[in-house]
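Engineer: Can you read through this structure? Questions will come right after.
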């Protein structure tokens, strides 16, 4: 049995089995076994169910010890298994427990039966769930203590059962061999110790108990598997985590050097006395500065205004001075004063949580120039790290999915093999008794046997019919009697009539129209609403419910109740009708309409929308497959909420005054479970810094920061993995899948209506013509074809008119298509169908002129194209690669040059006339001009100048008269130049060619814009025309190839996702309608005009009381700017919730809402948190996965069409990309030649040694450490020490520079790294010497530190730093060309929107998000605003300021100094369009940036796997070979082969143990067990590159090259191979073992034949013989 590779059947575990295991252990200790390839079976893991291929469980095998069916555990791990009645596998160690209980012990068997019983696990699960529920409750009654003691007893009993059944530590399946048991034992032991101790009331000890919630994970095998998978992903993320920590550390150190102490600068009211006060530090009187009231505060601000002493920093108002005093903002938690706070600030920037506040604080205190620092951190660091983590998780998920599919496939093959062997075993016996059995068997017995075989083969696959057959016969009679109605002929006729109605296409069309109208009626709900509209909507609701009821009745009549309820959509419709009727009866219950009925109406529309059904089907399958992961995420959120509540709940109650001056509890706390759950949910949504500040105020940094980091890191890992899994599922979305019957009927109905309209129009047109009937038919037929070309074949295949016109046009006999044939044509995706493309529609996928290309081809190619590719005949497009389109861009001049003559009919007629020759020469001249490269460069330069001048037209333009005049003349010059260019191209190419090119159309539009802007300047009433000049920046798109490529790729990847976007829009419409039903008119509140705060509900209850207040003068009953009063406002509010900007204020208004015209009350409707949580999950997360998945699918499709190349780079960049890839994949650079001078050679050896590089890296790290230990309030002694440390490091780096200059000479400056080091040394020396002469004010001490710190990038240097860093940076470097192209496009978008913002929002009142730093007054400030919006942060505050359009909020007549513009009001509609459109466009571009980098990361393993070996690889191979073959014999001994393979460098490297792999290579061996160099090289090369024709060609080239390099190769004849030699060795071992066993048995026989001596004397001879035989036996045993 031990030699069997696959134990078959279920064998009881007996004493013989235990003896075999012991013998096997003894043999393993004395022998060397080759079991390296033995691996555990995926389908036989502990916790999984036994495959059904093993048959049904025989009696006596349930809950009894069995021999393990997995050879890996049976042979290697010495285990036995137990199956419970649910076939779940349990494994135990086949060793004695506590030295007394063997596997055959009755006590242990009884305990094992208890452990494996399903009820025992159910008991533990119920206990854990009960305990988890009790943990989240507050103010528990006293009797709960008895329940907790009972649960503790159950946990203790469970531990005892596991210890007795499994043992404590012996074996891999012992109690302590499972880490989950460690957790369970620790928590239980701790709880037993502290149960009666007074320490149990402390929060820390209560927190430990919450770990019990995690016990749910080991109770579910799926959850346990997900945790193991996530741990494996975490191991793969270690390199990325190390790189992220490196970037965080470096950026924090730079932040310390740039901003240390700057955030303490505040505006202080300067005393007006004569200066008699005692001065403190030369900046002001000490007592005056320390007074908080003397700081300057903005209106409504909590912290003092920050300022700076630099030119572009924030300025103080008149009467105030900027002084460094006080604490840092945000209660001192936001600063760069030491490394810890700087690290927290950088982590906040990396996660993009409330970054706009940190931007403003730094820019106010240090200057706007430092925005560059934040751009680099946010755009590159945060973007790259997010892409890196997503890429690694995606790769891990794909590998796990591939592994699971392979193991499942292997398991299925094993199951089928087992079934086949089972059938073969029984086939012989059945053949012998065939005649007898056939006579005895009855049909029932035959069916039973077949059912058994089918069950054995299929296992868990049960057919529905089988389950229905198991029902009693009475149920079938009852169903046939009550649910299948065939009463009378009249009823049958009624049945047929109803069937004709519901199957008619117009019926489905009518239903779709009714559903759309119903949704429109729901969307018309708003506040306030007139009585007439309310009654109309109520009547409409009743009508639609009646229509749905009639539909259900007709379908029940037509299909019978039995057939009706067999379809899931019909069950859904019946639920909708029942709920609608219930709503009519219970009109007071509003929740039925909002939460149930409204979503069902929207889902009902999805039945007729194939994209919606396909997406929902994919979503359903994905969620079923990922149910364990979703459950794990839910458990983690629950655990984190309970953990936080237990840890910080008391602190939030006791220290509430630390957060609020009035000692009122804040909204976001963890005092109870609901608030803790919502707080954790907010943290996982990316907003954690504000709640962290409050937590640190009440509980301290030591507890809050670790807890928040745990929630952020683990929670984001789970969510990102779930996100990757869902995106991978939606990446398989195909819009061309089979459509439903309802959708087909809808298409047929629409086609029928179109055809009727066309026929009516056709008759009207034909009557007006006075021609014969035949001529009329001939003229009408083409139009009919054109009209029919817009429909699908399925829409018209049943119509006789279509067949008649088709017969007339083709002249052949046609056969009408039946309904079944038509539907089969539709359902088959492989059959050619007509694509519904409108007549004359332009090809949107290609912005170039494809029509010109087709016309320039010869006539034969045209005919082929007509016959082979027509959009009306096939859905398969002829793919034109991106490179061909780009080549066309370069060759378009030839096409225009060769084709312009053919496009002019007049020119063709009078070509030889004098005017014709002049016209032709003029066109040739114009063509040469516009195709000249200098002309193109000139136009490109003018385009850049024309675009760049837009940035100068800010609010200060009226004060700069010269620049204003210059711009006015410049606009005219640009207009003339572009008009001249347009005229030249008209003459050169002709109107048709010009307007057939979309880029030329864009140029023409820009010319129109320029002309309109010039006209708008001439008259004041046309001033709005002058503001559209920002559109002329769009001309940049047509002038630069990189932007063309990116825009073309974006269109190709985005347009196919329009249907998915519409589905997402419908989901948002659903939530908006629900929001209107829930919150319309409830966000109004009564505001105290004096304080600007809301009145308490005890002072004002409703609107009438608010208006009756005596001091009410300005109508304080105000509505929130963001509300749900109508669907449009609901969309905007949901958009802010989706971007997590301003969503807190929206949620606060919803949570405080009481009713219409009622004053809001603090947290009156806490259950409304549910609405926003559901929206974030189902309205944001899942639609986001859908969109990104479809975009990735389109990206991959376009990439495949282009042969696997990147679609965001040009043809020229693709060549550069290949060169860059070769350069980056090269493992080492060619070193400089070693100097011949001995001294220089010695120095060269020193500086090129790896130890020297390690020393330099350590010095850089030590220098970084000196910055970490600094802080803002350090003593002068520390500053002096830091100065001398900087001097020391400068000297050491200078010495390094001198040594390398001596060693490398002029070659030193050929490396960019060396040039950087040299510049750092020069500037560091200058930075140390300049303060001695000009003072430290101009050269800050941190400058030298930052210069020296810049050398830390050597850690990322290939070959110098960690290899894992180089591997992780490689995708970024390879995708850099594409990323730069996309960045150019997003910069152009930012530029256009910045100009638009300057024209529309430059004078908006400064409040909320618009201030002295973030505004639209200048181009730079506008770009800063748009940078914030690009990162989806801060745009809600800007929009809030733009919403000020009423007299109460702004002054429309305000005089703005220096300009003629009046007022500071905004335009809400323009602001909404501005921000929403920009966010969508920038999001789309940024998503493609993520996709580019992630796809590049995923492609690197395949590129490395498929790449050929380079010359460096072979050079290193022979370098290692020379160490093992110093005599150049071209041979090595076979015993050295393993060491040689382990000494090679990757990719030829083979780690030990590698003997099995080397033997499998079957290498030829010569006499003396030697192996030739060429054989080893060819075998290793084949292992790396695989086996195909390309590899065989490369191997032949390697062999021929080796023969040329070694012409005197020693000839030899291989006598054997490594595989044969191993087989011989194994055979010899077996023979030797058998001989030794024979010798041992003979020796035992001789010993037994020696007679015993009865007397007490001993014969010395016999004693010697006996002892010699014993020694001989012992020696034989030793040899064995």
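Every residue gets a Cβ built from N, Cα and C, even glycine.
Straight from Swiss-Prot, here's the annotation block:
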DISULFID  267-307  disulfide bond
DISULFID  657-663  disulfide bond
DISULFID  695-704  disulfide bond
DISULFID  1086-1106  disulfide bond
DISULFID  1450-1465  disulfide bond
CARBOHYD  281  N-linked glycosylation site
CARBOHYD  309  N-linked glycosylation site
CARBOHYD  1102  N-linked glycosylation site
CARBOHYD  1112  N-linked glycosylation site
INTRAMEM  339-366  intramembrane segment
INTRAMEM  673-699  intramembrane segment
INTRAMEM  1127-1153  intramembrane segment
INTRAMEM  1420-1443  intramembrane segment
MOD_RES   842  phosphoserine
REGION    807-874  region 'Disordered'
REGION    1646-1680  region 'Disordered'
REPEAT    915-1223  repeat 'III'
TOPO_DOM  1-117  topological domain 'Cytoplasmic'
TOPO_DOM  138-141  topological domain 'Extracellular'
TOPO_DOM  168-178  topological domain 'Cytoplasmic'
TOPO_DOM  197-200  topological domain 'Extracellular'
TOPO_DOM  220-237  topological domain 'Cytoplasmic'
TOPO_DOM  260-338  topological domain 'Extracellular'
TOPO_DOM  408-505  topological domain 'Cytoplasmic'
TOPO_DOM  522-530  topological domain 'Extracellular'
TOPO_DOM  587-592  topological domain 'Extracellular'
TOPO_DOM  609-625  topological domain 'Cytoplasmic'
TOPO_DOM  655-672  topological domain 'Extracellular'
TOPO_DOM  732-933  topological domain 'Cytoplasmic'
TOPO_DOM  953-960  topological domain 'Extracellular'
TOPO_DOM  990-997  topological domain 'Cytoplasmic'
TOPO_DOM  1040-1054  topological domain 'Cytoplasmic'
TOPO_DOM  1080-1126  topological domain 'Extracellular'
TOPO_DOM  1154-1166  topological domain 'Extracellular'
TOPO_DOM  1202-1249  topological domain 'Cytoplasmic'
TOPO_DOM  1272-1275  topological domain 'Extracellular'
TOPO_DOM  1305-1311  topological domain 'Cytoplasmic'
TOPO_DOM  1362-1376  topological domain 'Cytoplasmic'
TOPO_DOM  1402-1419  topological domain 'Extracellular'
TOPO_DOM  1444-1467  topological domain 'Extracellular'
TOPO_DOM  1504-1680  topological domain 'Cytoplasmic'
TRANSMEM  118-137  transmembrane segment
TRANSMEM  179-196  transmembrane segment
TRANSMEM  238-259  transmembrane segment
TRANSMEM  506-521  transmembrane segment
TRANSMEM  531-559  transmembrane segment
TRANSMEM  593-608  transmembrane segment
TRANSMEM  626-654  transmembrane segment
TRANSMEM  1055-1079  transmembrane segment
TRANSMEM  1276-1304  transmembrane segment
TRANSMEM  1341-1361  transmembrane segment
TRANSMEM  1377-1401  transmembrane segment
TRANSMEM  1468-1503  transmembrane segment
Engineer: How many whole Å apart are the CA atoms of residue 1465 (disulfide bond) and residue 657 (disulfide bond)?
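Structural biologist: The Cα atom of residue 1465 (disulfide bond) is 39 Å away from the Cα atom of residue 657 (disulfide bond).
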Engineer: Measuring CA to CA, name the entry from the recorded positions 267, 309, 704, 1086, 1450 that ends up nearest residue 1102 (N-linked glycosylation site).
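Structural biologist: Checked the recorded positions 267, 309, 704, 1086, 1450; minimum Cα distance to residue 1102 (N-linked glycosylation site) goes to 1086.
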Engineer: Averaged over the topological domain 'Extracellular' (197-200), what pLDDT does the predicted model reach?
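Structural biologist: A mean pLDDT of 66 is what the model gives the topological domain 'Extracellular' (197-200).
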Engineer: Is it possible to list how many residues within the topological domain 'Extracellular' (1080-1126) are helical, extended or coil according to DSSP?
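Structural biologist: Computed counts for the topological domain 'Extracellular' (1080-1126) are 5 helix, 7 strand, 35 coil.
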Engineer: Answer with yes or no whether the intramembrane segment (1420-1443) touches the intramembrane segment (339-366) by the criterion of at least three Cβ pairs under 8 A, sequence separation 6 or more.
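Structural biologist: Between the intramembrane segment (339-366) and the intramembrane segment (1420-1443), contact is present.
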Engineer: How about the transmembrane segment (1341-1361) and the transmembrane segment (118-137): do they have 3 or more C-beta pairs under 8 A, pairs 6 or more apart in sequence?
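Structural biologist: Since fewer than 3 Cβ pairs under 8 Å link them, the transmembrane segment (1341-1361) and the transmembrane segment (118-137) do not come into contact.
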Engineer: Any residues 6+ beyond the ends of the transmembrane segment (118-137) with a Cβ under 8 Å from its own?
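Structural biologist: Same-chain contacts beyond the flanks: 84-86, 88, 144, 147-148, 151, 154-155, 158, 161, 209-210, 212-213, 215-216, 219, 638, 641-642, 645-646, 673.
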Engineer: Between 307, 657, 695, 704, 1450, which of the disulfide-bonded residues has the fewest other CB atoms within 10 angstroms in the structure shown?
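Structural biologist: If we count Cβ atoms within 10 Å for the disulfide-bonded residues 307, 657, 695, 704, 1450, the smallest count is at 657.
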Engineer: Specify the count of other C-beta atoms within 10 Å of the C-beta of residue 663 (disulfide bond).
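Structural biologist: I count 10 other Cβ atoms within 10 Å of it.
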Engineer: Enumerate same-chain residues with a sequence separation of six or more from residue 1086 (disulfide bond) and a Cβ-Cβ distance below 8 A; give 'none' if the list is empty.
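Structural biologist: For residue 1086 (disulfide bond), the qualifying residues are 1094, 1095, 1100, 1103, 1105, 1106, 1109, 1116, 1117, 1159.
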Engineer: Can you tell me how the residues of the topological domain 'Extracellular' (655-672) break down into helix, strand and coil by DSSP?
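Structural biologist: The breakdown for the topological domain 'Extracellular' (655-672) reads 3 helix, 0 strand, 15 coil.
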Engineer: Whole-number Å only: compute the distance from the Cα of residue 1450 (disulfide bond) to the Cα of residue 704 (disulfide bond).
Structural biologist: 42
Engineer: Within 10 angstroms of the C-beta of residue 1102 (N-linked glycosylation site), what count of other C-beta atoms is obtained when all protein chains are considered?
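Structural biologist: So the number of other Cβ atoms within 10 Å of residue 1102 (N-linked glycosylation site) is 17.
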Engineer: Which residues of the same chain, at least 6 past either end of the transmembrane segment (506-521), have a Cβ under 8 Å from a Cβ in it?
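Structural biologist: Distal contacts: 537, 540-541, 544, 547, 551, 601-602, 604-605, 608, 742, 745-746, 749-750, 752-753, 1069, 1073.
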Engineer: Out of 307, 309, 695, 704, which of these recorded positions is nearest residue 657 (disulfide bond) by C-alpha distance?
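Structural biologist: Looking at Cα distances from residue 657 (disulfide bond), the smallest one goes to 695.
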Engineer: For residue 663 (disulfide bond), identify the closest of the recorded positions 267, 307, 309, 695, 704, judging by Cα separation.
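Structural biologist: For residue 663 (disulfide bond), the closest Cα among 267, 307, 309, 695, 704 is found at 695.
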Engineer: Restricting to the chain of residue 267 (disulfide bond) and a gap of 6 or more, list residues whose Cβ falls under 8 Å of its Cβ, or answer none.
Structural biologist: 295, 296, 304, 305, 307, 316, 317, 320, 321, 322, 323
Engineer: Same chain, outside the transmembrane segment (1276-1304) by at least 6, Cβ under 8 Å from its Cβ: which residues?
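Structural biologist: Apart from its flanks, the transmembrane segment (1276-1304) reaches 1232, 1235, 1240, 1243-1244, 1246-1248, 1256, 1259, 1262-1263, 1266, 1270, 1314, 1317-1318, 1320-1321, 1324-1325, 1328, 1341, 1344-1345, 1348, 1351.
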Engineer: Tell me the coarse DSSP state (helix, strand, coil) of residue 704 (disulfide bond).
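Structural biologist: The residue in question, residue 704 (disulfide bond), is helix (DSSP, three-state).
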Engineer: Cα-Cα, whole number of Å: residue 704 (disulfide bond) versus residue 309 (N-linked glycosylation site)?
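Structural biologist: Each residue's Cα considered, residue 704 (disulfide bond) and residue 309 (N-linked glycosylation site) end up 35 Å apart.
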Engineer: Would you mind reading off the Cα separation of residue 309 (N-linked glycosylation site) from residue 695 (disulfide bond), to the nearest angstrom?
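Structural biologist: Rounded to a whole number, the Cα-Cα distance is 34 Å.
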Engineer: By DSSP, how many residues in the topological domain 'Extracellular' (1272-1275) are helix, how many strand, and how many coil?
Structural biologist: 0 helix, 0 strand, 4 coil
